[in-house]
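Report on the following structure.
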Amino acid sequence: MVDGLGSSVSSQFRYRYFHAKYQDQLDYYNVTKGGECGAGELDPDVKAIEDQISKETAQWNMYGDYASVAPLLVASILIGMKSDQIGRRFLFILPFISSFVNYGIKASVIRFDLHYGYTLIGEFLAACAGGNIGMYFAGYALVSDTHGKKHKAGSVKSNTVAATCNDNTTIQAKDVEKNHDSSEKAQVADNDDDEDLDMSREKARTYKIVGLDVMRRIASSIISFATGYVIRYAGFFYTLVIVLCCKVLLMVFAYVFVTETGEQKKTGGFMAPLRIIGKALKDPAKKTTLILVNLGLCFTIFGFCDEFAVLHTYEMSPPFCLDSVQLGWLSSESRFRGIFAIPLMWLWRRFGFSEATIAAIGVMSQVASTLVLATLRYMWVFFAVPAIQIPGTLSTAMAKAITSRLIGRSALASTFALILAGEEVFWFGGSISANYMYQRFLPTLPTAPFYLASGAFGVAFILFT
């Protein structure tokens, strides 16, 4: 929620920084603030300057990805694989500390008018702590932790009671009990995936995972609506000061109120979660489903990043030149569409749609929306696209729900860590490809990244079906 405000400051400041760098050249051509906006054809020299501003903005966005991707992947995997031992609480607190340092460095860059490159230090340090990935998979794991296991009847002990006819039979029964205990433990270990979940509550699990995503989106929507006004009247620096204060309050809140669920299993070592996940992959049906669903999830993330990596730069550049308030409206609308996710999922459940089908419908809506965004270059398109994308809000949540059910409770946070690490790889690939294509095709087809995003969503649709 607060990170949405910080992210808006980061993306808008990046563009404004490089725009200010070339302001003297624009002044030479008597281009006033916003004077180049809405024009059908810019002066060739002015257009070249504006294109250079957009290219440098995209280039430094790529530099930020380069600085953060490696430490983010390593940290998220290491922390995630040990998270079932260290617990969920730590995973909530660590991102607040790392992001506080990140935004503190950005605030210093703005306050002391330093080169934008210094912000990469903050990006790197935040990535070394796993970024926000830890908080996301901790949240998903906590939701899954609330679902109880099947309680096994004490069938083994009943053997001893039933065999008390005489001393000999009792002793024999106890021997059988010991042997049965050993065989049962082995069987439970081999079939942990199947025995570990209460299947009668799987629908509630899915609704809770979707609900977590919806609450995050709604909270972000409220913040995003106010973001533009805060940036306009407070400026970039004081907006980040507000973010830093909120970070401190939220960190205290997390420390006081977030507790361990006490339900998750404590895996025995670093490789234990991998062995648990490996057991699920031994089943051919589960293996195929897990691979297809998570590849679909990763291509969905790739498409999202292709779309959003350059979207703000595209919206802030001529001929649109959206200001902070307008960007806040769009960001708020984009996040607020998540409020329709639960009633929409309830409706599709009534129709008997499976989770994979719901995910497939969602990515098809993303295909349609990105094609509209790429082909129609009008202001109203920015407001229409989030409405088209409403079914797409369920895609990632459905994939996570399917995965958590197939893997089981024994390594939930570790599983989500691996999923989110895979997402990060595809997010990095999407961001790099989108920024590269935007720079490459800016003079002729600035919407090229949106066509690429549409293709990625199309691949995800095939995988989900």
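The count begins at 1 with the first shown residue.
The backbone N, Cα and C atoms fix where each Cβ goes, glycine too.
Annotations in TrEMBL come from automatic prediction, not curation.
Feature annotation from TrEMBL assigns region 'Disordered' to 176-195.
Feature annotation from TrEMBL assigns transmembrane segment to 90-112 (among others).
Marked as transmembrane segment by TrEMBL: 124-143 (among others).
According to TrEMBL, the transmembrane segment annotation covers 209-231 (among others). Non-local neighbours of the transmembrane segment (209-231) in the same chain are 1-2, 4-5, 8-9, 12, 139-140, 143-144, 239, 242, 323-329, 331-339, 341-342, 345, 393-394, 396-398, 400-401, 404; each lies 6+ residues outside the stretch with a CB under 8 Å from one of its CB atoms.
Beyond its flanks by at least six residues, the transmembrane segment (237-258) meets 2, 5-6, 9, 88-89, 92-93, 96-97, 99-100, 103-104, 106-107, 110-111, 227, 230-231 of its own chain at Cβ-Cβ distances under 8 Å. The transmembrane segment annotation in TrEMBL covers 237-258 (among others).
Residues annotated as transmembrane segment in TrEMBL: 289-314 (among others). Note on the transmembrane segment (289-314): residues 11-12, 15, 54, 57-58, 61, 280-281, 320, 327, 356, 359, 363, 366, 370, 373, 395-396, 399-400, 402-403, 406-407, 419, 422-423, 425-427, 429-431, 433-435, 438, 446-447, 449-450, 452-457, 459-461, 463-464 of its chain, located 6 or more positions outside it, place their CB under 8 angstroms from a CB of the stretch.
The transmembrane segment annotation in TrEMBL covers 356-374 (among others).
Long-range contacts of the transmembrane segment (380-399) within its own chain (CB-CB distance under 8 A, at least 6 residues past either end) are made by residues 206, 209-210, 213-214, 217, 293-294, 296-297, 300-301, 315, 320, 322, 330, 333-334, 336-338, 340-341, 344-345, 355-356, 358-359, 361-366, 368-370, 372-373, 460, 464. Residues or ranges marked as transmembrane segment by TrEMBL: 380-399 (among others).
The transmembrane segment feature in TrEMBL is assigned to 411-428 (among others).
Same-chain neighbours of the transmembrane segment (448-464): 292-293, 295-297, 299-300, 302-304, 306-307, 309-310, 356-357, 359-360, 363-364, 366-367, 370-371, 373-374, 395, 399, 430, 433-435, 437-438, 440-441, counting only residues six or more beyond its ends whose CB sits under 8 Å from a CB of the stretch. If you look up TrEMBL, you'll see 448-464 (among others) marked as transmembrane segment.
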